[in-house]
Each structure stands twice: as structure tokens, then as C-alpha cells.
Amino acid sequence: MATKLPLQNSNAANVAKAPAKSRAAAGGKTIEEMYQKKSQLEHILLRPDTYIGSIEKHTQTLWVYEKDEMVQRPVTYVPGLYKIFDEILVNAADNKQRDAKMDSVQVVIDVEQNLISVCNSGAGVPVEIHQEEGIYVPEMIFGHLLTSSNYDDNVKKTTGGRNGYGAKLTNIFSTEFIIETADGKRLKKYKQVFENNMGKKSEPVITKCNKSENWTKVTFKPDLKKFNMTELEDDVVALMSKRVFDIAGCLGKSVKVELNGKQIPVKSFTDYVDLYLSAANKSRTEDPLPRLTEKVNDRWEVCVSLSEGQFQQVSFVNSIATIKGGTHVDYVTSQITNHIVAAVNKKNKNANVKAHNVKNHLWVFVNALIDNPAFDSQTKETLTLRQSSFGSKCELSEDFLKKVGKSGVVENLLSWADFKQNKDLKKSDGAKTGRVLVEKLDDAAEAGGKNSRLCTLILTEGDSAKSLALAGRSVLGNNYCGVFPLRGKLLNVREASTTQITNNKEIENLKKILGLKQNMKYENVNSLRYGQMMIMTDQDHDGSHIKGLLINFIHSFWPSLLQVPSFLVEFITPIVKATRKGTKKVLSFYSMPEYEEWKESLKGNATGWDIKYYKGLGTSTAEEGKEYFSNLGLHKKDFVWEDEQDGEAIELAFSKKKIEARKNWLSSYVPGNHLDQRQPKVTYSDFVNKELILFSMADLQRSIPSMVDGLKPGQRKILFVAFKKIARKEMKVAQLVGYVSLLSAYHHGEQSLASAIIGMAQDYVGSNNINLLLPNGQFGTRTSGGKDSASARYIFTKLSPVTRILFPKDDDLLLDYLNEDGQRIEPTWYMPIIPTVLVNGAEGIGTGWSTFIPNYNPREIVANVRRLLNGESMVPMDPWYRGFKGTIEKTASKEGGCTYTITGLYEEVDETTIRITELPIRRWNDDYKNFLQSLKTDNGAPFFQDVKAYNDEKSVDFDLILSEENMLAARQEGFLKKFKLTTTIATSNMHLFDKKGVIKKYVTPEQILEEFFDLRFEYYEKRKETVVKNMEIELLKLENKARFILAVLSGEIIVNKRKKADIVEDLRQKGFTPFPRKAESVEAAIAGAVDDDAAEEPEEILVDPESSSSYIPGSEYDYLLAMAIASLTIEKVEELLADRDKMIIAVADMKKTTPKSLWLSDLESLDKELEKLDLKDAQVQQAIEAAQKKIRAKSGAAVKVKRQAPKKPAPKKTTKKASESETTEASYSAMDTDNNVAEVVKPKARQGAKKKASESETTEASHSAMDTDNNVAEVVKPKGRQGAKKKAPAAAKEVEEDEMLDLAQRLAQYNFGSAPADSSKTAETSKAIAVDDDDDDVVVEVAPVKKGGRKPAATKAAKPPAAPRKRGKQTVASTEVLAIGVSPEKKVRKMRSSPFNKKSSSVMSRLADNKEEESSENVAGNSSSEKSGGDVSAISRPQRANRRKMTYVLSDSESESANDSEFDDIEDDEDDE
């Protein structure tokens, strides 16, 4: 191997002479002159900017050190000269990283001698000959290019050197360069001199030194000619001196730094930063700049202060001054800006601050040690190394970031944001000009002129109100009156962003019309185009909201205007007008309380008045508009500013910062508190607290349901109309929307109403546990979470059979019905037999509050109600969703509520296939499929090889095909987490309106149930009182009717050929009990009022007719005089007396009945309906599984499962004997937590009627199953009870659902010694003549029988009570439960001219007649019914499933609740109705 020759001297003698030059053919230059090759040394001298930067003078504003302080000023310097000095200085600092014992750096800058020296202690350069290069190491690294100790990138170094130039560049650009070093390890001292730009060198001088001597010193004289300089100028010296201070700041207190023999007074990086801040503070008049410091670790030290409008940074990487920053500065700054952005936007969401905005307000100092740093050039002004290669992390602490946030930067940014916003908003400023072009503005002629202060701008709610205002303006003229219609509600500018405000055309128009200038302080209106703004809106809640938004708009930008007298006024119109019949006397009422007060003063006698409601300005005619403007003093109310409380009230209503205060404001609302519209002035605080609060309460009520019935007002209106219109027959949803608007005074959008109806009928998994309406059509599925429902024009609905059991008709008379526009509408709340808010859950977001209540198992709710009735403690309930096959487990609990984890189901089919068979609640199939398809691997490839969906609208069935590698990755991460098969819900945000209408937070479902229980029990007591009262009235009627008939038959009372008044007087004299009908209330004469109950027969109540004026005179004996002529028979008397005897017994029995018994009876009825739902759900699930098997069989998909996901743990066994009530309750439930039911079997029937049931019972009985297990192998239909062997009657008489049940049916319900006649669905159903009380006054009655008809009632002998009939076996058929059809051949329609010409015989008498008719028509009726298909056979009572008895035990989560961990409250938001 050849020995490598030593390096040659880098002087001109070493350069070989070129051969003789050959001349080029043209151009006067030889080829050699045109194309040259330079040595590296020549290249550096020829192109120095590549290595040391420019050698020309530059002027730049920089920090320099002079006169013992830091100064920022323009500096003229040569960057190349500064760089060669910096290279030697950085080398000295680098030695600290090599030798921690280094303790001093001495710098001398001698201007006179043009000499600079840098000496540092610590390990010197090894004084030893390099074995490969054959020269001493000091000469090698200082005198030969591309030599360095930093070439090994496998070794992480935190020094400045990297490329092998460094000190050699200083040598090259110096006339003299001296290197001296002492190597104590080798006891040698080294000195060598280079001259002529490293072109000449002396031989090294080696001498001995002590072991303790370790240092290195570089002395050089810059070649000033190459920098176009003659001496070291002051600016250059000041810049070099500042660089020495840099080194002192970077090295810290362990190294003493001297400059020209004087120690630098900087012992830490913090001291160094203070030099800058002290200098900056001299020019500040406000508080000194803050200095926030954090030494993150040994490699990172950060200081932060404030800057004004421009980002500043002072940073170092391994002692190198990165004057242009770099990735290390970005790394630190991004953490600070992200924190500040969040803090600013939290304080003012409209600030719209971005990271670069924050950066412009920061001054950041960074001192970092970074492994093997990389820069943009040899000048090393910018670090370019990626953050991941830094070799260390700089994660600023939260405490430090908070301190930065409190340093004033947030306030600075908020001020800057305000300034920017104002600047943007000023672009839309108005001006006092004579003419503005704004669409739909009817400008006043004098607006913007010298009389502008006298002009009034009327702002109306929409175009229709504008028409009224223009009609009224014709009275005043258009010189001083302008009109502008608002398009709906104005933007809440207090919470809007600048972009929203500037893009809002309405606000821009108002500023132009009024001549408003942004944020100007107005002491008067002289500079405006209008001197007064008058708000003219509807007298409803939305109208109040519009007023409030306009007030908020002015207060946000021009609060002083609200203090200008009479600037802001409102124009009010009557809500109700009462006109005296026959005269022109008109009374106007401007508030409902005022009207109610007048109505009460009439004492019910308002028949002489016509009442008209004015809900909107559009109701008033043009003539009325002129009338209003003719008397402006009566209709115009001035808003008055009293004190700062007015401003606080406005902020309370509209500021997001006042959320908690707004909650308290709404909580303290007292119903009935309202503005007195008779006062001429209104303070802003009164407006907010007495009028605007009504809108907020209405908004809240539309969003948060009632604890009592679980309904929002819109849903309650739907149910109110459903009871009237769709109890028996289905109707299009679109039609029902119209009826709800008509009959319940619904004033909002039809689309939201249709959505609410659809929502009440939905029954897919995750929607309702019990849907109150039936979904006859496509009402949405779990495929898209209900969004796939059909248009309201195409789908039908009707009342679900279970709804009337949940909301018994007997309670309707006890409810507090509302009245709007003189129309009787829905009650304040309905009174279900269990808290339906727990059954179907609730969700919503309103003013100040939101709510989320999960669904719970109705079986568990019923069981807990029974426990409360028995004086036992409730069993805690967990959320439950009908049809959901996954698990719901309590994962955390604390005082504020519990958190539950909802988990879907998956199975491992084989090594590469996962089957998902259930998703968490409210995770829909389509969304989930999109999620699966979006999953990617780390390299961007699809995670699954294929996603196969076998699910339908009711089921979940996905097969995920993936590689073995991805299967392993998914298993390691966890299938539940990877495939998002879990979600959480919480009970920490359960807000509801209580029975008094006050918003209240509930912590547990048991708390809701307990509060409901007390109220519901109170209403059962009221129901009993009402039933007893009605029965006693019926008893008196029976006695009076029998006595009346006998008196007529005996001639004691003569009715023919006499005046009614005389007969009434006879009856009064003979002591017959009067039952007058209620007189029509004052609302009966209201224009346009529609009340579907108007056609109902007036209520008859036992009263003293002399003492009340609210009843119709002469009507007190109509119940006798309106009896049919056929009733005047001895048989009828006997029948009435028999009914009376029964009634006496019934009254006595009812008085003995307890409210508890009534409730238990209703719960028993509910249990039966739930069993029908169980059966249907089981059948549906069986059909789903069969269909899925067929789909898989056709597609060839795998059916066998390798491994199944863990099932829900089975309930723990207990040796404790269950209580009797618990055993009974467990036997009711078809909603067991056991998911492995092989067979659903109905129990054997009791003895009942051997009738064939109608076909629809199959449908109704199987309406819905509530088992958590849907894997049912077989469904066995129930057998009917044995009953009387009788045939179907000739014609079943239709009963309107919105009538009360017949008295006999109600009595049977309360007669607990025998089976109820209706609620238990016995074989025999009592029949009554059906009377349609709808508005068209049409009566449906049974026509006479064609053959085998019964004899006239007068010729019949009274029959004793019928003996119990034997009941035959029942089979499930398809007739609706409770439906009594009427044969088409037997129906006749008869128009009645008066609502009072009905038969007035008692309910009991009609019942008795009906039974006789049924008995006499057995044979003929049977054949007739078979032909017509319109008759319905008796329905036997469905029995509970013969399932094993269950006992209630605590689940794992309940028994271990003491160990539950704390969790954070989860607040959910939701939607309107």
C-alpha cells in the first residue's frame, strides 16, 4: 500500500505553471482564459459570499453593545468580517461542550492594531502529529480546508462546527493568523503563524508546559482591504462586542467572559435577556415589559416578553446566533401561540385570532443545544433541522403558558382584535345625507336634512306589518315618517363575529338609514338621519325577541344612544278586541292579563260581546292602522334608561358571558309577572325582566320536556290532536300537521311539526322504547338514524294502542287545559301512569340549559312503581334501549350522575374475518360503513380488503375481511377501540321542567320516578273523587228518570200540549234534581276560534241553577224531557230501577276502592300491552335472522364463528329469597336481561269465550317485543280464554275513541272482584250507540235489522242481569284491539240540526238496550256478520308468557358501585321538537 503524501503548503509556489496559451479563433480570449479551474483557496477568495457572506457594507437595524448597554440602531457593517470573527468565537464556546471544566473566555478587540484575539480555557488542541496526514493537528484544523472533528454523524454533538471551514475562513481572510494552544495532557505548548491569507505559514514552535496548562488562543488581523475597509469601524466593533455578550449569556455563570480585560456582567441567560428588556423599557411610558423564563431542561432555556405589532426573536443554537430564527424558534413559538389563541378566542369568540396574529405580539428568546444542527448556509443564520432530529424536547409547562397568557399578551390581542373589528365595521358606516338607496325603504322626506332630528324610522316585522305602517303613515304624512321592514330576526351582534356583522345586509342597511358611525358616542341625535327609531312588531314572544335584538344591537355599539330621551320607542297594538253586539263600542286590550281581568269582571256573562284576537300585525286592517296612528299617544311607548341596571339587564339576556346568571334569571321567573301596557314608558330592565323573559321561557319549554309527561309543547299538541283525530283511523302525516296547527294553535314551521310527528312514531333501535304513534310507512330506520324517512305526504300514522293505556282517558277531565286565542288547546301536561320521559328519554338545547336523558326499560319502571306502592325501596335502573343486543355497563359514578359505556357486538369468524352484529346506540349503519371504508393503514392503504354489508333496515351485519397482519394490529389495539364499537352516555345533564314549570336538574332516574310518583298518586285520588261524583250524578239521574216516567204514566205530570217552561216549573216544584248544561263561555263568540270539542254535548253538573249564571237557563231538566218516547214504558222503569240498584253497589264499591288499586289496575293493563309488544319484537327478530341466513346462503358467506366476543355477564345468583312482589314483577317482564331465550311461549288460557278472534289481533298483539334477546327460535301464539258459546252480534256499534268509556266499562275496571270488561279485553265487549261529536255533526247509528229484528222496546219485559257466559277458545286474528267495527250494511248517516237532539237516556239505559239487542240478534246477526265482514268477535284477554320467574338482583355494576371512579360531567346538547 502506497504511503499517502503529506499535504502541501497552500501558497502560490505549489500551483503548477500553465502551458503556453493558445489563442481562440475569435473574441480575443483564449480557451484557457474563458474556461478556468480554481483551487478551493482561490475559489474562497474569489467568491467569498458563498462562505462568509457579503464583503460589501450593509446597513441594518440591529442590537449592538456600546456605552455599557444594549442599543438597537441602524448599523453599517460587512457581514463577511463579522462572520470570520464569529467563527473563532463559536469555536471557543464549543470547547465548553468538549470540556466541562472550561471556565473562561477572553476576547480582545484592538482597533488601533487591527488585531482580534480569542482565548479560552479548557482542553487545548492535541499537540501531536496526525498519523495519516503527517502534520500537527493544530496546523491541520486551522491551516487546511475541509478538516474537522465533526464529520462522524453517528456521534451526536452539540457544537457549532460542522462543515470543516470555520476557523480556516478566518485564516484565509486575515493578513496574519496565529494559533496557540497548551496541551497539558502531552505537556506541550504549540504556536504557529499563518500569513498572506493562509498562503504562507511558519514552522510550528513546540515548547514544554505544565500539566495544569490547558488553553487555546487565536489571534488574527483581518485583511481589511478585502472588506473595502481601512480600519475596524465603530459599528463593527459594537456588533462584535454584542456577540461577546451573546457568548456570556449562552455559557452562563460557569464561564467567566472578558472583553478587553473587563468581565462581562452577565452570569445567566436571564441576565442576558434583561439587557434587551432594560433597553426597550427606556422608550416605554407604560408598565415595563414582563420577562417570563423557563429552563425546560439542560438543553433548552426560554424567555418570553411582549412585542408591539411585530414578532421579535433572539435565539442561539449551540452558541451560534440564529438571527433569522429557524425550526427551533418555531417549535417554541407554536406552543405559546396555540395557547394564546385558545385563551383569546375563549374571552372573545369574535376576535378570530390566528397564530400569526399572536406571534406579532411576542418577543421570544431561545437558547438551545441541538444535536448535529443543520443550517440554511455557511452563515448559519437560520436553523433548518427538523424538530424530530433535535435530540431533545422542549415542552413548555402549563404553568409557564398560563403566565404568558397573564403577561398582557391576551389583552393586547383583544385590543388589537377590537381595533381590527372596528376598522372593518367602519366600512359600513352611514352618514347624514339627504338620500340613501336601500331596498324596501320608504324614506321620510326630511330624513338627513336640517329637520332630521324630528323624523321617526318605523322598523316593522316583515312586509305585511310594513303595509299596516304605511296605511297608518298616511294619517301623519311621509315628511317625518320613514318605514323599513326587517327580514325576520336581527343578528345577535354581541356574540357574532366581525365577518358575520360586516356580511349582514340588514345591519349595513340600518347603519345607512340611520346614519350611524361605528362606536361613536352620541349625546344627541343631531348627526343622525332619524331622531327616533320606533319598533313595530307582533305582540307575541317572537315580536318581543325582535325588540330585544334591536335594543341589543344599539347597546352593543352605541350605548349612549339608549340614554337619549325618546330615541327608541315601541309601537303596540291590541291583542284582543271586544265589540259590544248591536253597538259600535269597542274595547281594546294590549295584554292577556288585562283581557282576563275584564273577562272575570263579566262574571261569565259575555254573550253580548264579540271577541277577536290579534296575534299578528297582519290581522289588523288598513282602517285599523289609520286608527292606531290617529292616537299615537296610546300606542307609542318610550323606552327609558334609568341606570346601569338597564345595561346589565340587556347583557344578561344576550351575552354568552352571562350563562350562569341567565340560568338564575330564568329559574326565578314567576308566571303571571308581566308588563303593564297602560304605562306610557318602559324601562329597559322591565322590558327584559317582564317581557323578553317570556320569549326565553317559551324557547326553553320548546327544548326541555316536562318531568310529568316527558313531552315538549309541540309533542303535547300532537298527542292532543291525535287523541281526537287518529285514535281509530290512520291519517297522512301531512294532514295531521294541518290538524295540529288548526286545533292546537301551533305557530311554528310545518316541517318541524312533521319531524316531531315522525319522531314520535319511530321504533327502530335507538329511538323510542314505546312509540306513541304507529309508523305506517317509511318513518326512518337505523340505516340512517331516521333521516331516511319518507315525505310527510306519503306516510300515515295513527295512535298506538298502548298510548291510551299510558295516558288513561279517565284522567283527561283532571288536566289543566290551556287556552290560546279563545281556543281550548292541549293541557299544561298529560298525566301518564308511568314517567314516559324515562321510557323514551329526552334531548334538547334551550336558552341557558340543555338536557339528555337516556331511555329506560318500561318493565323496570313499572316494577319500581309497584315497589313504591308497596312501600318498598326502588331498585336502581340503568339505561335500556328496545331491541339493542349489545351491553350497557356503568363505568363511573359520582354525585352529579353516572357514565355508561355502550358496547356493540363482534365475532371472529376466522383468522381474517370479523363479523359485527351490533353497533352502539345512535351509531347508524350508513355512517358506520363510511367509517369502515375510510380506515387506512400507516402507508395510506385501505385497512380492509373488503367490507361486506348483509344488514337490512332493522339489523346490523357487517363482515370485515382483512389481512392477517392487519388482523393482528387490530387485535393488539383492541377490536372495540379500533372499530369504534363503544360509546358513552351520562346522566349528569338531566334537566326537566317539574310539575310547577320550574327547570330542575335530576341526578338519577329514581329521583325522577319518586317525584312523579307523588304527583301521580295525588291524581289517582282526584280520579277516584271524580268517578264517584259522576257515578252519584248518574245514580240521581236513574232515580229521577224512573220517577219521571212513572209520573208521566200515572198522569201526575202532563207533557203534551204544554209549554216547556211550565213543565220545567212542575218538575222543580215536584223536587226533581236539576242538571243544567254549562253555558257557553265568553270564547264562544270569538272570531275565528276553532275548538274541536265544541260539538261535544255540554257537561251536565249537579248545581243550584239559581245561584249560578254560568249555566243555560231551562236546560236543567233536558235529561228528562229529551228522553225518547219509547222510554215511557213500565219495562223501562224496571230497567232503570235495576240499573239504579247496580249503581248503588258500584258506588259503594268505588268508595271502597283505593288509589293504589286504581294504579295497579292500570299497570296490569300496561303489562298486557307490553306483552304484545314483546311477542311482535320476537317475531320480527326471528324473521330478521331467517332473512340474514338466506342472504348469507345465497352469497356463500361464512356462517360458522371461530370465536365470539365476550357476552354480557350473567346476573349474580343470590341465596336470598325474593320478595313476593319481586317474584310477581319478574314474572311480568318479557324484557329479561337473559339473552339466550330459545322459545317464547304464551301461557295456557283461562276459561273464556270460545270465539274466533279477528285477524288484526295478531298484528296488534305482536306490535312490539321488549326482550333484550332477539335470538328466538320459536314463537307460540297464546290460547284464548274459555267464554260463552255465543255467535257474533249482527252489527257492532262503532265507538268514538275521544268519548269517555261507557260507565259499565269503567265500573268493570274498578270492580276488582271480577274481570274488567274492557282493559283486560274479555270475550264480551259492551256496546253502546256510537255518536260522532266531530264538527260536521254527523251521527252514525245502527240501522234496523233486516231480518229477525228485535221487538220495540216498549213491548219488552225487563230482563234480569245476564249470567256469566262461558268463553270459548280464542285464536289470534287480525282485528284491532278495542275496535268494534260497524257493518257497512248497518250504517246510516244522519245529519242533526242541533247538538242537543241526542238521546238523553242514561249511559246505563243505553247499555242495557244494547245488551238486549245483542241477545235478540244472536242467530240472524251471526249470518249477517259473516257476509259483511264488518262485525268483530269478542276478544279474549291475552295472557302473560309462561316464562320462568325472575328475581331482581344487583348487576355487577351496581354491586360494585362503591368502587366506581370519579368522572367528568358530560353535557350534551340537542335539538328542538
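Cβ atoms are placed via backbone N, Cα and C, with glycine included.
Range annotated as region 'Disordered' by Swiss-Prot, chosen from 1-20, 81-100, 101-120, 1141-1160: 1-20. From the options 330-339, 370-379, 980-989, the stretch Swiss-Prot describes as region 'Interaction with DNA' is 980-989.
DSSP assigns Gly166 (ATP binding site) to coil in the three-state reduction, outside any helix or strand.
When the recorded positions Glu461, Asp538, Asp540, Arg793 are ranked by how far their Cα is from the Cα of Lys168 (ATP binding site), Glu461 comes first. Straight-line distance linking the Cα atoms of Asn91 (ATP binding site) and Asp538 (Mg(2+) 1 binding site), rounded to a whole number, equals 82 Å. Around the Cβ of Asn91 (ATP binding site), 22 further Cβ atoms fall within 10 Å across all displayed protein chains.
A helical conformation is recorded for Asn91 (ATP binding site) in the three-state DSSP classification. Annotated pair Gly166 (ATP binding site) and Glu461 (Mg(2+) 1 binding site), C-alpha to C-alpha distance, rounded: 78 Å. Looking only at Cα atoms, Asp540 (Mg(2+) 2 binding site) sits nearest to Glu461 among the recorded positions Thr379, Glu461, Arg793. There are 24 other Cβ atoms within 10 Å of the Cβ belonging to Glu461 (Mg(2+) 1 binding site).
Here the binding-site residues are Asp538, Asp540; the one with the fewest Cβ atoms within 10 Å of its Cβ is Asp540.
Between the listed recorded positions, namely Lys168, Arg793, the fewest other CB atoms within 10 angstroms of a CB are found at Arg793.
In this view, the densest Cβ surroundings among the binding-site residues Gly166, Thr379 belong to Gly166, judged by other Cβ atoms lying within 10 Å. The two recorded residues Asp538 (Mg(2+) 1 binding site) and Arg793 (site 'Transition state stabilizer') have their Cα atoms spaced 31 Å from each other.
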